[in-house]
Amino acid sequence: MCTEGAFPHRSACSLPLTHVHTHIHVCVPVLWGSVPWGMKLQCVSLWLLGTIMILCSVENHGLRRCLISTDMHHIEESFQEIKRAIQAKDTFPNVTILSTLETLQIIKPLDVCCVTKNLLAFYVDRVFKDHQEPNPKILRKISSIANSFLYMQKTLRQCQEQRQCHCRQEATNATRVIHDNYDQLEVRAAAIKSLGELNVFLAWINKNHEVTSSA
């Protein structure tokens, strides 16, 4: 319903239908210009505050949205039992694959899910398969860790299917660095090195993920 005299200088009802849309766009700046300066500042401040809160919420949600349901304590215990034996086989003590913490420290919250998913795949598809372990006791511990990683992969795969695990270029680059480090060594040596540095990845998971017990 149209009301005569809605605007002081001319009624929108007196305009032809084809000009009403243009007339409204002209009037909006006029009305905004009549708003007191203090009220303008307040509106802008509220808009900025709302934008910042939304951005912070999105970033934090990107970190916390995908829960890893597994027994991290059991994984860490399994690794500690074989850590010394694995690291004793490392013939390149001055070389590192994962221990360059700078690679993982610069990962932003939005990239945590993707990097975790990629590193789980790195261990399952390369490290565990490349390593040939003759000691049955150590092999059982490694198999237990591998099964836990497969379970975590399933959790993160569900997040990815729900479009909650985005892979940005930064995450892809960080993963590529680790694969490049791995490729610089002979396969068996690289697998030993990566197994010996597994504590770095486990500590990173504990720091960056909200982990729930699967027990």
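Using the three backbone atoms N, Cα and C, a Cβ is placed for every residue, glycine included.
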Regarding the disulphide bond with CYS165, report which of CYS113, CYS167 TrEMBL records as its partner.
CYS113
Among CYS43, CYS56, CYS167, cysteine joined to CYS114 by disulfide in TrEMBL:
CYS167
Of the residues CYS2, CYS159, which one does TrEMBL pair with CYS66 through a disulfide?
CYS159
Near CYS66 (disulfide bond), which disulfide-bonded residues out of CYS113, CYS165, CYS167 have their CA within 10 Å?
CYS113, CYS165
Give me the long-range Cβ neighbours of CYS165 (disulfide bond): same chain, 6+ apart, Cβ under 8 Å, in sequence order.
CYS66, CYS113, CYS114, LYS117, LEU156, CYS159
Residues near CYS167 (disulfide bond) in space but at least six apart in sequence (CB under 8 A):
ASP111, CYS114, LYS117, ASN118
